[in-house]
Each structure stands twice: as C-alpha cells, then as structure tokens.
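Have a look at the structure below, then the notes.
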C-alpha cells in the first residue's frame, strides 16, 4: 500500500489473512476481447445505423478551467429541436439524442446545434418502414443502395484554435483588472433584482411625495 498523492500516511493493520484477499486484475485481457466482441455484435444488430449510436450536441465544458473546450453532450435540447423543425418524438427514431433537461444559455450554442441538426438531416439516408410504400421524407431507392454503416462518431466535434499574431500590449490592456471585473460582473448579476426593486420603490415614494 504505497502512499498515493497528498493523502494521509497510512499505518495499515492487516488481519484476516489479507494475502488471500488481494484483488487481482488478470481478467483484463479477456475483458478487452469481450468488450470488442460486444461492440461488433451491437454494430451488426443495429446496422445500417451508425455503430457509435445517435448524434450528440456540441456543449461547452463547465468551470473556468475547461470552458475553452467543446465536447459532445448528452442530447439536444427541446428548443434546438423546435428551431430545427424536428419533433422530439421523431428525433429519437432518426438517430438524434434528446435531453429535455438541457437549457440553452446562449444564442451561439443554440445556433451551432441547430446548424448541426440541419446538416445531419441533409446527410441522413432514411429507410422507409415499408419498402413497397415509401412515405414523404424517406430516401430514394438509389440513395438506399449507397447506404453504409458509419463506424466512427457521427459528425465528430473538433476544437478549433485560432492563432493570433504577436503584437504590442496596449495601455488599456495593461490597466485592465480581470479578477475585479469578473467579481463586479457577478455582483451586478446577483444584485440586479434587488436594485430594480429598490429603484421601483424609490420612484413610487417620489410620486407620493409630489402628491
């Protein structure tokens, strides 16, 4: 039991014939094979649908440490589906993940995911339930012949970094106080309702005094 990181230094008191109870990991190679076989079986079962599952939305990682990166989320919000013109019940049947709990906090995230949905919808090859009687929105017979199973993630998400050229730091940038500005912005957001209420009460008192 070697010490791990910055924890307390242990003084273990072993009893119960502990050498017979050591947890071993000799099943790892077999587990790896079993997982691979399960993935292949699932891919065969759901073919010609994408092997990696439904399309996921672009979401920004939480906290200041990671919010510069984007990754795949759980599901598209109901607002995103509404703007894209896809019904929430239909979405799940055509390989679009839905998360009714998610809320869009910015216009940029909403627009990015709506665009993602529209692009996916344009590329989608939709098989008719009855081959003899295809419905509106189903793909043509020529498109169905071209259909192949996608092995990787559906429309993979990439982090794009823009390189900036080196330049001289301006005086305004030198004097800018980032931490104080963030604190002030948070305080203004927190006290917005209280200040609005006080301003309204003060305005009402002024009206009463004038009377």
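Just so you know, glycine gets a Cβ as well, placed from its N, Cα and C.
Swiss-Prot annotations:
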type	residues	note
MOD_RES	16	N6-acetyllysine
MOD_RES	52	phosphoserine
MOD_RES	77	phosphoserine
MOD_RES	106	phosphoserine
CROSSLNK	123	SUMO2 cross-link
CROSSLNK	145	SUMO2 cross-link
CROSSLNK	174	SUMO2 cross-link
CROSSLNK	174	SUMO1 cross-link
MOD_RES	177	N6-acetyllysine
CROSSLNK	177	SUMO2 cross-link
Sparsest Cβ surroundings (other CB atoms within 10 Å) among the modified residues 77, 106: 106
Pairwise Cα distance for residue 174 (SUMO2 cross-link)/residue 123 (SUMO2 cross-link) [Å, integer]: 49
Packing count at residue 16 (N6-acetyllysine) (other Cβ atoms within 10 Å of its Cβ): 7
Rounded Cα separation (Å) that holds between residue 177 (N6-acetyllysine) and residue 52 (phosphoserine): 46
